[in-house]
Structure formats: C-alpha cells, structure tokens
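Structure first, then comments.
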Amino acid sequence: MAGVLAWFWNERFWLPHNVTWADLKSTEEASFPQAEDLLLAAPLAFCLFLLRMLFERFIARPCAVGLRIQSSGPQRATPNAILEKVFTAITKHPDEKRLEGLSKQLDWDVRSIQRWFRQRRNQEKPSTLTRFCESMWRFTFYLYIFTYGLRFLKKPLTADLQYYYIVELSFYLSLLLSQFTDMRRKDFLLMLLHHLATISLISFSYVNNMVRVGTLLMCLHDAVDVLMEAAKMANYARCQTLCNFLFAMFSMFFISSRLGVLPIWILNTTLFESWEMVGPYPSWWLFNLLLLLLQALHSYWSYLIVKTACRAVCRGRAGKWNPLNVSKDDRSDMETSSDEEDGPMANQKPHSSATNGTNNKTHEANGYGPCPEEHH
C-alpha cells in the first residue's frame, strides 16, 4: 500500500521542478493546503445529501404548496399489459417496425401507440413540485456558498478557506451521487462529465496550492447558478414576468462569465502566465486540460441558451416571449405531441385532424405561436 501511495503522490507529477512536498508543509509562518484535508469531503457529501432530503421535505415543499404548485404528475397511460412489457423489458422508444407490429397485435393505430409510450415515459419524470423543491435546495446552497466565498478572492489560505473548499467539493460529490438516484435526464452524460471535471479541478487546485484560481472559478460558477435556479423556481411557480427577467439575466451573466471572464482571465493565467512563471509539469497539463474541457461544455451550453432564447423570440407573441416554456399545464415540462421522441414514425401524418388541432392549442397555451422554420 505504501508503494502505491508513493507512486500516486509522485512529486514529479504533482509539483513543479525543484518543489517537493516538504516545501508545502504548513508552518507557523505560512499555511499551505494539505491533500488529506479533502478526505473530509466524502462523509460531508453524504450529510449534504441527507440535508437535501430534509430541506426539500420540510422547507421547500411547504413553500411550493404555499405557491400553489401542484404535486400531480402528467396524465397516466391507460394500463396495457402488452405495451407495458415492451416498455419495461425491451424499449421505451419503439422504432417504426415495432410500432407497426404492435398496431396489428392490438388493433390500435400507430399514433395511439406513440401517444401511450409518450405518456408512459412522462409518468417516470418528476412532478413540477419535485422539480421546484430540487431547484430551491440548489438555489439556497449556491446563494449561501457564493456569499461565503466572495471574501476569499483576495485572502491567503486560512481555516475558513479550507472549509469553503471542502464544502464545495462535498456539494459536487453529493450532486454526483444524486445523479444516480434522481430521475435520469437527457443531459445525464454531460452533467456527469461536468461534475467529474469540477470535482477534479477543485481537488487539483487545492492539492497544487492553486487556491486563488480555484476560488475564482467556484465563485464564477456559483454566481450564475443562483440565477439559473431562481429562474427555474419562477418557472415552476408560473411567475412568467419574473421568470423571463431572471432568464435574461442568467443568459447575459452565463455567456459573459463563461465565454468572457473564464477564458480571458482564468485560462490566460493558468495556460500562459503560469507557463512563464513555473513552466509546465504533468499535473499542470492535466489541470489545464480539465479547464479546457469545462470551457468546451460551457461553449456548448451557451449555444443551447442562445438557441432557446432565439426560439422563444421566434415563437412568442410580441412582448410575451417564453424561454422556459411555462404553460397552464403541469405537463409543460413533459413530452408533447409536437416534441416527439418516437423516432421515424413521428413524421407520419396523424390519423385525424383533431389531434393536430389539439397540438396547436397546446402551443398557444404555452405562449407560443407557430415558428415558420419548424413544422409540427
């Protein structure tokens, strides 16, 4: 075991040339980050996970009820043993061939089977109340930790900064854990990659004594995440004007910080200025590769934000754009007939004009008009 630890903590990997672990031992004159401090993050992450459960049940849920957010979920699919067996044992997204086979077996039209699978998938998604509680927990944590972390942007390492790092690391570890216990979402892999990169960056910056970069990076993320979760809460509470305002603020801060401050300020320092000061070494390369990976994710999400805003402007009536798609129906966050994920059969014409008329009314209820570039 000692040999494995010695190999893992090899100074030539972690530290610049002519720097040893002995040089980074804390003394009465100076304090340095110690890798063993981060071991506290694992049990604290579990405690944060339990705290989240209590917070959502005893604080967030009463707030949601006070805002009249309903706990009822989407419309439930009609019980059908054959379709249920296909859904649970074979596929949740049947292809054209399977849909045609089920249509003959059940004597249902293909559109009805598509609708059943869509409703059945929606049943497994969390209700609006559940989503509100989750967003309120994240909003509360991000607001607290951002406010707490601001003080460390110009301070040397102290016991408080160690606490700040450990709590941040614990929170992202708890998010990583909750990804496997919460309902799986479409961006599961991207968020998993984001959490792993963030956890690695927090750990690397602490072990390598890059706490100034790490502190700035965490504050930059937390500030924007506060607005994002606040916009979600306004969305679920159907406060449309507030939601639109917060979404606009979030979009501006996200793009300016993630595509402006992060590459121009942080990446410039870690890539170029640090190269001139201490030169590259193995963990330096890994740290900067993780930063570049995070930057790539931010660029992709910035594209999605701009796309969402443009689509809202394109579809929305004048002065009533609706970026987060708030409707008078709890199913606004669910799949709709016009947002099919049913594969090739989605392009088939409906069997009756009544279905199409219903879809158009749904879009109007969501504050959307028809977008000329899209075909429903």
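A Cβ is built for glycine as well, from the same backbone N, Cα and C atoms used for every other residue.
Residues or ranges marked as transmembrane segment in TrEMBL: 38-55, 162-181, 188-207, 243-265, 285-306. Per TrEMBL, domain 'Homeobox' is recorded for 83-127. Taken from TrEMBL, the feature DNA-binding region applies to 85-128. Here TrEMBL flags 116-314 as domain 'TLC'. Annotated region 'Disordered' per TrEMBL: 325-376, in sequence order. Feature annotation from TrEMBL assigns compositional bias 'Polar residues' to 349-360.
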Tertiary contacts of the transmembrane segment (38-55), as residues 6+ beyond its ends and Cβ separation under 8 Å: 136-137, 140, 165-167, 169-171, 173-174, 177-178, 203, 206-207
For the DNA-binding region (85-128), the number of residues DSSP places in helix, strand and coil: 31 helix, 0 strand, 13 coil
